[in-house]
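One structure coming up, written as structure tokens, with questions to follow.
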Amino acid sequence: MYIKQIRLKGFRTYKNETTIDFTRGINCIVGFNGSGKSNILLAIEFILSDVCEYKQIYLHEGIGNAVRNCYVEIIFDNSEKYFSMFKESEIKIKKVLENMKCEIFVNDKNISKNQYVELLESCGLCINNLYNIIKQGQIIKLSNMKDEEILNYLKSILGAKIFEEKKKDALSMLKECDSKKVTIEKEFNDMNSKLESLQEEFENFLEYKKLEKEKVHLDYFLNEINYKNIYEETQMLKSKLQELKNKTQDEDNHLNLSNNNKSEYNEKLNKMKLEIASCQNHLNKTISEDIQNKRNIVHLQMLIDEKIKEKNIKESQNKNRIKNINQINEFILRVNEKLQSLKSDIVSKEKQIENKNNEINMLLSKNKNKNTDANYSHNVKKIEKMINDINIELSFLEKETIKNEKYLKELEEESKVLNKSIKENETLSQKYGSEINELNNKSEKCVEQKRQCQQKISEGTTNLNEIKCQIIEVNDKYDEIIKSSNKEILKIVDLIMAEKSIKRENILGFLIDNINVDKTYVKAVDTILENHYFTLIVEDMQTAKKIVEFIEKKREERTSKEFNFKEFYFGKLTIVPLLNIKKFNEFNYPNDKNIVPLIKCVNYNSKIYEFLKNILFKTIIVKSLESCENYLEDNYNCVNIDGDYLSKHGFMYGGYNKKKYGIYTVYNKLKELKEEEKKEKSHIEELNNNIEKIDDELRNIYDTKSSTVAKKNGCASTINSINNNIYSNEENIRLTSEKINYIQEKKQNLEQHKDQLKMQILQLRNNNVNPDESEKVGSTDINSLNDEVKKLKEELNKIRNEYDDFKNKLELLYQKRNENDSSIYMEEYEDVDIDEYNNDLADKKDHSDKIEKEKIHYEQKIREINKEMENVKSSIDKILINEKKHKKKILDLCHQMNQINEELRILEGKEENIRKKKVLLPQGIQELEEYRTYDKQQLSAKLKSVTMELKKYSNVNEKAGDRLNILMNDFNELKKRHEEINSSHKNIKDMIQHIGKKKDEALEATYVKINKYFSEYFSLLFKNRKASLVLKKMNEKEYKEKLQEMSEKRIKRRIIDEEVYIDKITGISINITSNDDEKMTYTIQELSGGERSIVAICLFLCLNKIDNFSFFFFDEIDAALDTIHRDNLSLLLKELAHRGTQFIITTFRKELLEYSDNMYIVKIVDRESYISKGTKNEAYEIISIEEKHALEN
């Protein structure tokens, strides 16, 4: 095992992170003085020691920011498995000082200090004495040690201190044994003297006991006579009491019968009330439904009326529209007929023009050779004029075509827009359709929610009726139990709580509202706190005064009015201001299983603790009142779980109680039921509100649905109107395209005619044809024909214009007819809505009739139940009168029974006292026969004489016998303890001797091992000399003298084996001999300083063999050596390095550098150290500079 690497940061002079890689062999660190060489060895010591506390000296102190933390990390080679618990070939140990804490990490895992110590000790590292780290001055210190000091040093390395500590512990135990033996002997002497005096006292005690037994017998017989007399008296009283009980039982039976009858009638009455309540609820429900239904009917009727009015108006409008449509259809027929006739005229005119043109052409061809020059120019001009007219007409037709094409484009664009709007309206109608479906689903959900709410309301009403029935039952019990004054107190407190001038937060309420009691202790608490339940608790005196002023004010208001029995206030309100209550000291109740403090059985508001403590002070719950006489002597008030009470003044009340439930139970039950009723009512009210909200939502849904349907219908009508527009637009497109085609045909005809005229001119020019000479050849005149053609064309134009006008009129008629059709189409949808409303109205009216029948049924049922209730109440009143009579009789009988019970209680007290005395008679003692014949006077005289004799023994020690037995037991225990101490004394001696032997054996074995290597290493360092270690021991004479000296100093009373206290090994000396003369020996003190340092180094190297360490750390080991010794030491270290030992050395000498395997140069800049690997030349330069500085100084 050796150190492979050291990494440190913030440690001493090494501020920045520094890494140093080491190898096996000799590693030399060289640097100037104060550069930080020794800090590397200090870092190794910091890791290998158990220092885990925060120390400021380890932190770097330099220029710049202060360093708050540091760490040192060492990587060990574990190839030889020194750290046997780790399988890794390298072990990384790291210590970190941070935030005033030290943390240890092994292979990056945090461990505790104890685990770390165990880890180091497992691989042989002694953390308390690191003798393989040799600092400056440590070699000189060892070389100057005496023989005893060397021995102690070896012991500390070996761990012999553990033996010394064990030896000291054993010696202290031995001293304790001696002191205990002395005390036991003293106790023996004291016990003997005490035993003699107790023997006399015990004899007097026996005589006293005889007389006391006789007195007990006399008391016993006297008590027997008294007990018989009291027993006879009690039997007489019990027989009278039994007679009275029988009478009361008879009366009680009559009372129970009447109660049973009353409870039956009350049950009937409650059932009737419940039926009335349920009928009333159903009636209210039907009334509310009827009102709602009527509202809906009115609403629907109004809607239907409005729709019918609108329908009538629209029907009248439709009639006019139908008339208009019929008229339009007639006009359309006429126009179509007219158009047909015009079309036929146009065709006939065009044929006539064509015929005339043909005739002209024929004439021109016939008269080719007969034209004169005079008419030629005239005819040409005419034809050219005709051509000009045709050109004018062609230009006009061209404009018309452009105009019609432009109009056609506009119509096409308009059709695109209309198609787009159709798509938009279709999407809108689909959207409105989906919205209508959603509204339908929503309305169905709302109807379902309404049905569920109505079902919950019916369930809630049944629960409310049950709660009301329970309230009636509990209220009856409440009226029986609670006084009328308390009821009036509750009323006045309600008025106080409603008063604004009194702060409500200062009023805590009644005592019964501020406590909570378990069922087990309810009867006991009722007995004690019954008269305090309706005490009003307030915070301070000011609030109490305001309440009193308010009550007085109310009284004055009532006195000013006429007397009203119902409003008169009977009760007296008790008010307790908490701040004015006197506070008592805390009282500790006795720790007894048979009692429970009553205040611990009550859970209460912490503010009323002092008030409760005043009421329940020294009040306890006991199992039975018979066992509470001892507590009455200590002024405790006792009460049992059944509510029987015995006060500290001796007053007792309780016994048989017919009430099954007390005030607390009934009051809280009534309170809970009222809260439940309130919750149920609020729940029903909430459900009704939900139903109203659902109805409003349904109305909104129906309104939105009708508006959405109207929108959808509007979309449908717009789609229809757009379709009509598209149809008319398409018709216009068709007509315009026809018109354009017609114009094109006309243009072609005109072009043809123009070409013909041009041909005529050419013919005239070529042949000198004169068309005007037709009369000469016997044909029609060309001019007259041309005139006719012109007239025909004018007529044709007129007919065509008329045709276009009629066509435009036809389009307008079609448009009007489509508009009327769309309006009639919309009214069909509105008729469907009216039918739906009529169906809803019919259903509502049927439902209204059903509700009216239910109303009549429930009203009749309520009247019948009220009649039955009056009969039941009259019978209950009769039963109450009989009950009062029976109760009076029972009260008289109870009064007589109480008197007899009081007499019996006195007799029973006397009987109990006698019974107690009888119980106190010692068991196992036979009754004396002579006292059986004595009467009461003889027994009392004998008792007097015995008591006089007992007075003589008034000072007798009654505990003498007990003390004698105790003393004998103590005496036997002392004997046992004496024997145990002797055996332990012997065992301790044996243990001390065993420890001494073990220590000596370990020392001798270590000495043999060290001596061998010391001689070997010394011979390598001093070639002409030999050395050995000598173990010094005492001889017998010296041992006895030492024994005597120790015994005189300690002044022991008896002889002790002093081998326990004295070590026979006194020291280790070093004997040196010369090879030339072996008889001549030297000690270490006779050597020079350098030689002694070499011997000390040799001894240090030998100590390595104790734990087989494989590394050493020397700080300037060769400082005090001359050149020869440094050479020899270097050779020795080189030899040990070859054997596997690692050396890390700081030095200023060149000799060690010759044999070193690695050189490390340390430099310091601005109080920060830096280390790096260097060469021998660099190291020599640093050493030479240091030597020069040393010579100069």
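We number each residue from 1, going along the chain as drawn.
Placement of Cβ uses the backbone N, Cα and C atoms for every residue, glycine included.
According to Swiss-Prot:
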BINDING   Gly31, Phe32, Asn33, Gly34, Ser35, Gly36, Lys37, Ser38  ATP binding site
COILED    179-286  coiled coil
COILED    332-483  coiled coil
COILED    665-993  coiled coil
DOMAIN    505-631  domain 'SMC hinge'
MOD_RES   Lys101  N6-acetyllysine
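On this model, are these features tucked inside or out on the surface, and what's nearby?
Taking a C-beta cut-off of under 8 angstroms and a sequence separation of 6 or more, Gly34 (ATP binding site) has the following same-chain neighbours: Ile1164.
The average per-residue pLDDT of the prediction over the domain 'SMC hinge' (505-631) is 79, rounded to a whole number.
All protein chains considered, the CB of Lys101 (N6-acetyllysine) has 11 other CB atoms within 10 Å.
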Should Lys101 (N6-acetyllysine) be counted as helix, strand, or coil on the basis of DSSP?
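Looking at the DSSP assignment, Lys101 (N6-acetyllysine) belongs to a strand.
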Tell me, how many other CB atoms lie within 10 A of the CB of Ser35 (ATP binding site), whichever protein chain they belong to?
20
Across all protein chains in the structure, which of the binding-site residues Asn33, Ser38 has the highest Cβ count within 10 Å?
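Top count of Cβ atoms within 10 Å goes to Ser38.
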According to DSSP, does Phe32 (ATP binding site) sit in a helix, a strand, or coil?
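DSSP call for Phe32 (ATP binding site): coil, neither helix nor strand.
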Using DSSP, tally how many residues of the domain 'SMC hinge' (505-631) sit in helix, strand and coil.
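DSSP composition of the domain 'SMC hinge' (505-631): 59 helix, 23 strand, 45 coil.
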Long-range same-chain neighbours of Gly31 (ATP binding site), Cβ under 8 Å, sequence gap at least 6?
Lys37, Thr1146, Ile1161, Val1162, Lys1163, Ile1164, Ile1182
Counting only residues 6+ away in sequence within the same chain, which have a CB under 8 Å from the CB of Phe32 (ATP binding site)?
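Listed in sequence order, they are Val1162, Lys1163, Ile1164, Ile1182, Ile1185, Glu1186.
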Can you grab the distance from Gly36 (ATP binding site) over to Lys101 (N6-acetyllysine)? Cα atoms, rounded to a whole Å.
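Cα-Cα distance, Gly36 (ATP binding site) to Lys101 (N6-acetyllysine): 25 Å.
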Distance between Ser35 (ATP binding site) and Lys101 (N6-acetyllysine) at the Cα atoms, whole Å?
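About 28 Å separate the Cα atoms of these two residues.
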Which residues, same chain and not among Gly31, Phe32, Asn33, Gly34, Ser35, Gly36, Lys37, Ser38, have a CB within 8 angstroms of the centroid of the CB atoms at the recorded ATP site?
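Counting only non-site residues, the set is Val1162, Ile1164, Ser1169.
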For Asn33 (ATP binding site) and Lys101 (N6-acetyllysine), what Cα-Cα distance in Å is obtained after rounding to a whole number?
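For Asn33 (ATP binding site) versus Lys101 (N6-acetyllysine), the Cα atoms are 32 Å apart.
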Measure the Cβ-based neighbour count of Lys37 (ATP binding site), defined as the other Cβ atoms within 10 Å of its Cβ.
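Result for Lys37 (ATP binding site): 26 other Cβ atoms within 10 Å.
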